[in-house]
C-alpha cells in the first residue's frame with residue numbers, strides 16, 4: 001500500500017523532471033547549437049497535462065484543493081459534519097463525471113499532433129479518464145479517514161458501492177443518464193445562467209472546493225440549456241492545460257522550493273541584515289528587504305511567507321520585537337513577491353488576458369519597490385514608537401562576506417529579466433532557467449541540495465501545481481458558460497450605467513476585489529473574476545498591463561485580510577503564534593499598502609511608463 005500511495009508522486013516527479021530536461025534541451029539547442037527542436041514544446045505541453053492531472057489526484061488524497069470554510073467554521077459541529085458529508089458527495093460526483101466525460105472525449109479524439117510525428121491527440125485526452133480513475137481511488141481513501149475521524153456520516157463502503165453502480169450504468173446503460181437533463185422537463189431560458197451562478201455561490205461557500213464548484217455550476221447550466229454542446233465544452237478541460245505559458249507556473253514554484261532547500265534563503269536574509277540591520281527598526285527592514293530580494297526569485301507571496309518567514313520571525317524575536325510586529329511585517333512584506341518579477345500571478349493574468357508577460361513583469365517592479373519603501377516607513381514609525389533596538393552596524397568585512405555568500409543568489413532576478421529582454425529565452429523558459437540555476441548553486445556552490453531533496457522538491461512542486469491545474473481546468477469550463485450567456489458584457493453594462501469615467505470604474509473594481517478578497521483565496525479570485533473584469537476594462541479603454549498590476553496588488557491585499565487571509569495562516573503556522581496575533585500586527589501595515597493602491601489607481605503612469613518605454 002505504501003508504494004501505491006506514492007504512485008502519483010513518483011510518476012509525477014519523474015514527468016516533472018522529464019519536462020525540465022526537454023525544455024533545457026530546447027534552450028540549449030536553439031541558443032548553443034542554433035538548431036531549434038520542433039517537437040520539444042508540444043511534448044512538454046503533453047507531459048504537463050499529465051503532471052497537472054496527477055497533481056490534482058495528490059491534492060484529492062490530501063484534501064488540499066482550495067475551499068472556503070468561513071461559513072462552515074461558524075456552524076455547530078453536527079451541522080458542519082452533515083455539510084461536509086454533502087460536500088464529499090458532490091466531489092464524488094465531480095470525479096465520476098471527469099471519468100465519464102474523459103472517456104467520451106477520448107473516444108471522439110482523432111486529430112494528429114504534427115509536431116510529435118503525427119501521434120493521435122488521444123494521448124492528450126487519455127489523461128482525463130485514466131487519472132480521474134486514480135482520483136476516485138484517492139477520494140475513497142480520503143473518505144476512509146474522514147469517516148474514522150468523524151468528519152463525515154458516510155463510510156468509504158458507500159462510495160465504493162455507488163462507484164460500482166455508476167460505472168455499470170455508464171458501460172451497460174448510458175442512456176439512463178439522460179434523465180439528468182433538466183431541459184427535458186422544463187425550459188428555463190435566460191434564467192438558467194442565474195440559477196447556475198446562485199448554485200455555484202451557495203455550494204462554494206459551504207465548503208465545496210472552488211474548482212469543483214465551478215464544474216458543478218457549469219454542468220448544471222448545460223443540463224438546463226444546451227446539453228448537446230457539453231462534449232465540445234469538456235474538451236476545454238484538457239486543452240486548458242495544453243498551454244506553453246502555463247509551464248512557467250510549476251517551475252517558478254519549484255524555484256521557490258529550491259531556494260529554501262538549497263540554503264539560498266538564509267544567505268539572502270544574512271545579506272539584507274548586514275545592509276539594513278543597524279537602522280531604526282533594523283530587523284523589520286531586514287525582513288522587508290529580504291522579501292524584496294526573495295521575490296525576484298520565487299514569484300510567490302506564500303513561498304516568501306513560508307520560506308523566509310520562520311527565519312525572519314526568529315531573528316526579530318531574538319532582537320526583542322513583539323510577536324504581533326514579527327508576524328505583521330512578515331505577512332505584509334510577502335505580498336511584494338507577486339509584484340516584482342518574476343511573478344506567478346502575472347503569468348496567470350497574462351494567460352487569461354492574452355497580454356505580454358514580459359511587459360507585466362516590468363510593470364510590477366516600480367509598485368513593488370514603492371510598497372517596499374512604504375512598509376519600511378511604517379516599520380520605522382512603529383520601531384521608533386516602541387523603542388525596538390538596532391543591531392550593530394556590519395563591518396566592511398562582514399558586509400563583503402555576506403555579499404559574497406549571497407552573490408550567486410542575488411544574480412537570479414538579473415538572469416531572469418536579462419534573459420527575457422535579450423531574447424535568450426521566453427518568460428516560460430525563464431522559469432526553467434531559474435530552476436536550473438537554483439539547482440546549480442544549491443548543489444555545487446552552497447552544497448546543501450541533495451539529489452533526494454531535488455526529487456522531493458519536484459514532487460512538492462507537482463502537488464502544488466495540481467491545485468492550480470484544477471482551477472485552470474474548471475474556470476475555463478466555467479468561462480464557456482460565461483461567454484455563451486455574455487455575462488461579462490451584462491456586468492459591463494451595469495458598470496457603464498453607474499460609472500461616468502475610467503477612474504470611477506477602477507474605484508468600483510477595487511472596492512469589489514477588496515471585499516471579495518476577504519472571503520475568497522487570491523488564486524481562486526484571480527480565475528473567477530478576471531474573465532469578467534477584463535472586458536469591462538477594455539470597454540473603458542483601461543490599459544490591460546496597468547489593470548493586471550492593479551488587480552494583482554488588490555488580490556494580494558486579500559491574503560492579508562481576515563477571515564480568509566492565507567498569509568495570516570501561513571505566518572501563524574511557521575511563527576508558532578495565533579492568527580489573531582498576526583492579524584493585529586498586520587493592520588498598521590495595510591495603511592501603506594492601501595496608499596500605494598490609491599496612488600497607482602489615480603496615476604496609472606507609475607505602472608505603464610517603464611514597460612511602454614522598454615517594449616513599445
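Just so you know, glycine gets a Cβ as well, placed from its N, Cα and C.
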Annotated stretch (transmembrane segment, per Swiss-Prot) among the listed ranges 60-80, 459-479:
459-479
What range among 153-173, 174-194 does Swiss-Prot record as transmembrane segment?
153-173
Residues of the same chain, at least six outside the transmembrane segment (117-137), with any C-beta under 8 angstroms of its C-beta?
7-8, 39, 46, 49-50, 53-54, 56-57, 60, 92, 95-96, 98-99, 101-103, 105-106, 109-111, 163, 235, 237-239, 242
Where else in the chain does the transmembrane segment (357-377) make close Cβ contacts, counting only residues six or more beyond its ends and a cut-off under 8 Å?
245, 248, 281, 284-285, 288-289, 291-292, 295, 329, 332-333, 335-336, 338-343, 346-347, 349-350, 417, 420-421, 427, 545-546, 548-549, 552-553, 589, 592-593, 595-596, 599-600, 606-611, 614-615
Please identify the stretch among 195-215, 244-264, 431-451, 527-547 with the greatest number of Cβ pairs below 8 Å relative to the transmembrane segment (36-56).
244-264
Counting only residues 6+ away from its ends, which parts of the chain sit with a Cβ under 8 Å from the transmembrane segment (459-479)?
9-10, 12-13, 15-16, 51-59, 62, 64-66, 200, 209-212, 214-215, 217-218, 233-234, 236-241, 246, 249-251, 253-254, 257, 523-524, 527-528, 531
